[in-house]
Amino acid sequence: MAALDPITPAGGGTWRFPANEPLRLDSGGVIEGLEIAYQTYGQLNADKSNAVLICHALTGDQHVASPHPTTGKPGWWQRLVGPGKPLDPARHFIICSNVIGGCMGSTGPASINPATGKTYGLSFPVITIADMVRAQAMLVSALGVETLFAVVGGSMGGMQVQQWAVDYPERMFSAVVLASASRHSAQNIAFHEVGRQAIMADPDWRGGAYAEHGVRPEKGLAVARMAAHITYLSEPALQRKFGRELQRDGLSWGFDADFQVESYLRHQGSSFVDRFDANSYLYITRAMDYFDIAASHGGVLAKAFTRARNVRFCVLSFSSDWLYPTAENRHLVRALTAAGARAAFAEIESDKGHDAFLLDEPVMDAALEGFLASAERDRGLV
């Protein structure tokens, strides 16, 4: 099988919360009739011990290993999910859901508010990473899984993994945190604010009610994506890929995209608006900004993981990731160790920046495969 051949999901669709089980949010709000869109790959074994939950990043979705229904592009982590890969449907029952607040089928600001018959827009309640995880836990239960073999995620997905370990440690055997942090830094909040302001400054945003006017703030969302995408890269990677190469034979002596890197960013922005909702971008980036695992534990990160001492952790960082640098990952590992948890850690040398966890990184693949193989032996799966 080719490295990026799609695999067929074993199941999936949309799960609707029972009418008597609304999702209660950290903000004090409630979402009635919440829907969660998800995909599964593989089969649950007889003792239901092989389930793996994959948590996606900011602009990801549930289509982790199958073609995206809008763009037709391969699943965002098809490199690692598939036959003979670290996460193998022949061995694992793999679950991936679109986070609440998202725009790929789970309830979010673009969904219809049953109370009004119109899209939620900004009437959608502000959500947190913990709210996302609470919804995932209910979905996992609905799928017949009590304890997950592993919870795996990178970037915002890694935040969800940590939240699982804090809130539901008894429901997970192992945890893999890639290119993440235990709280959002001031720099990261600042970049998110630039993106949000770009969206809200677009005249077509219409106070978040753009759907009612039949328009979309595409220009603002594209600029937000361009700014964010820079943080996912690294200077060495940009220099290697683009340098100061021109898009054409000579300078335009104007403000068109003279440089290849400019054209690349414009393409990233314009293609992003075809698959993502602007209000979802506001809500999910705000959830990331609010993320601070230690905040509700007296500011002491180790205390947050006290109940997770029986969970096996793997934490991987990348040397050129300046969005979630290695120092922040080491801080997490020290806290896990202080809490009495088993934590394996590695910094992977890479010049690809934050997005390295999504790209071809054989050392990461080997580390992940080795950790999961060890955990499978300890779990009695092999």
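Quick reminder: no glycine exception, Cβ is built from N, Cα and C everywhere.
Positions annotated as domain 'AB hydrolase-1' by Swiss-Prot, on the basis of sequence analysis: 50-360.
Over all protein chains present, the Cβ of Ser155 (active site, nucleophile) has 27 other Cβ atoms lying within 10 Å. According to its DSSP assignment, Ser155 (active site, nucleophile) is coil. Taken from Swiss-Prot, the feature active site, nucleophile applies to Ser155.
According to Swiss-Prot, the feature substrate binding site maps to Arg225, Asp355. Around Arg225 (substrate binding site), taking its Cβ as the centre, 23 other Cβ atoms fall within 10 Å, counting all chains.
When secondary structure is read from DSSP and collapsed to three states, Asp321 (active site) falls in the coil class. For Asp321 (among others), the entry in Swiss-Prot reads active site.
The active site annotation in Swiss-Prot covers His354 (among others). Other Cβ atoms within 10 Å of the Cβ of His354 (active site), summed over all protein chains shown, number 23.
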Fewest-neighbour residue among recorded positions, criterion Cβ within 10 Å, set Asp321, Asp355: Asp355
